[in-house]
Amino acid sequence: MGYVDEVLASVIEKNPSQPEFHQAVKEVLESLRPVIDANEEAYRKDALLERLVEPDRQFMFRVPWVDDKGQVQVNRGFRVQFNNSIGPYKGGLRLHPSVNLGIIKFLGFEQIFKNSLTGLPIGGGKGGSDFDPKGKSDREVMAFCQSFMTELCKYIGADTDVPAGDIGTGAREIGYMFGQYKKIRGLYEGVLTGKGLSYGGSLARTEATGYGLLYLTAEMLKCNGSDIAGKTVCVSGAGNVAIYAIQKAQQLGAKVVTCSDSTGWVYDPDGIDVAALQEIKEVKRARLTEYKNYRPNAEYHEGRGVWSVKCDVALPCATQNELTLDDAKTLVANGVTAVAEGANMPTTYEATQYLLENKVLFAPGKAANAGGVATSALEMSQNSERLSWTFEEVDSKLQGIMVNIFHNMDDAAKRYGFEGNYVVGANIAGFEKVANAMTAQGIC
Ligand code: GLU
């Protein structure tokens, strides 16, 4: 058995009931084969892959809090510090009922390579809880966040591990967590990113993941003789990533006709109204069923169905494994030319292979959605300098970072004879830097 196969088999054996983690490791290691094969002896001797797939440490803890009826609720909290060979652990906190250790490990593993691809000094980590902020009062959310941080604060710090937002964790949650960290640790430091602008947040961080997704997609299309302007785009999701992806796509001259949430999806033939979407999702925290009140010509459908709409470009911005093989077949039959992942691992392994085989330009999430964490690293820089940069400064740095990521993954794919395969390119480019740093730092 080859080295990659041995490590894959052992990951599956040692981490039962963590299918998403297996999937993420498989996708990365499979595409690293050319690099691993070329250095097999040295990597094997150093157990480089075994060290890469085993987190530095994993915290799992009880999060008790009191709801509005006076009832005590207990959730489970997680923080996985995966790899800090190129910088302090960095990665978001996901608050969603689907969260378990396997999900956090898949996200943390992806984060290592994503953060490396940004070119900035940040390691990989991830955390969260099975707490569901949906339908909770502000006071309940605050009670949860304070309890969560009471435990988490023991393991994080501005130079150690810097969490941020993810699904379910936005400005409100980051604010409550920052307040609690400051109170317990007595430190006013950049321990979290995605902070409010009045207490150390960065301009353009809110928009960064969605905007970055479009900057990378536009560059990918341009370098393949196409143009984002004039394209019909399908977006899934209606959260932070989706909203700002739609906004930037429209600014760049594309027409976005769909979005979705956990209950249903919208088709708006005239193009999604971002202001309406922001009011429904960011202000009212309501369901997409309300969209028709703002746009009578739009259709609302229960369930899932975004990928059945004919489009040139598909941007999955909701959650993992939301774009299946059947969806990929429909997209290809409808003439899709590019898919770029705004969410983390939204495309299943089989769907990804199908899109690649059918010559669809495919930008994997660890490259395409890296704009969020990259801008978090810019927030860390501003906190260290005790300065804030203008929106234009941050946005233009973000643009430069996304264009660089595209070219780094494109070059890496070419170097190993996989021209145009950005999955292979992104994994190799992300891996090389981490592997070099791990090797230089000895066995640890
Ligand atoms: N949760 C985002 C991600 O998946 C952002 C993480 C961060 O800003 O640290 O990359």
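Using N, Cα and C of the backbone, Cβ positions are placed for all residues, glycine too.
Those TrEMBL annotations? Automatic predictions, nothing curated.
Annotated substrate binding in TrEMBL involves LYS90, GLN111, LYS114, SER376 plus, out of the candidates GLY165, GLY168, GLY170, GLY175, the residue GLY165.
Under the DSSP three-state reduction, GLY165 (substrate binding site) is assigned to coil, being neither helix nor strand. The substrate-binding residues named in the record, LYS90, GLN111, LYS114, GLY165, SER376, extend over a maximum Cα to Cα distance of 16 Å. Taking a Cβ cut-off of under 6 Å from any atom of ligand 1, the recorded positions LYS126, ASP166, ASN240, SER376 reduce to ASP166, SER376. When the CA atoms are compared, the binding-site residues lying within 10 A of ASP166 (site 'Important for catalysis') are ASN240, out of the candidates LYS90, GLN111, LYS114, ASN240.
For LYS114 (substrate binding site), applying a Cβ distance below 8 Å and a minimum sequence separation of six or more within one chain yields GLY124, GLY365, LYS366, ALA367, ASN369, ALA370, VAL373, GLY430. Mapped onto three states, the DSSP output places LYS114 (substrate binding site) in helix. A gap of 14 Å separates the Cα atoms of SER376 (substrate binding site) and LYS126 (active site, proton donor).
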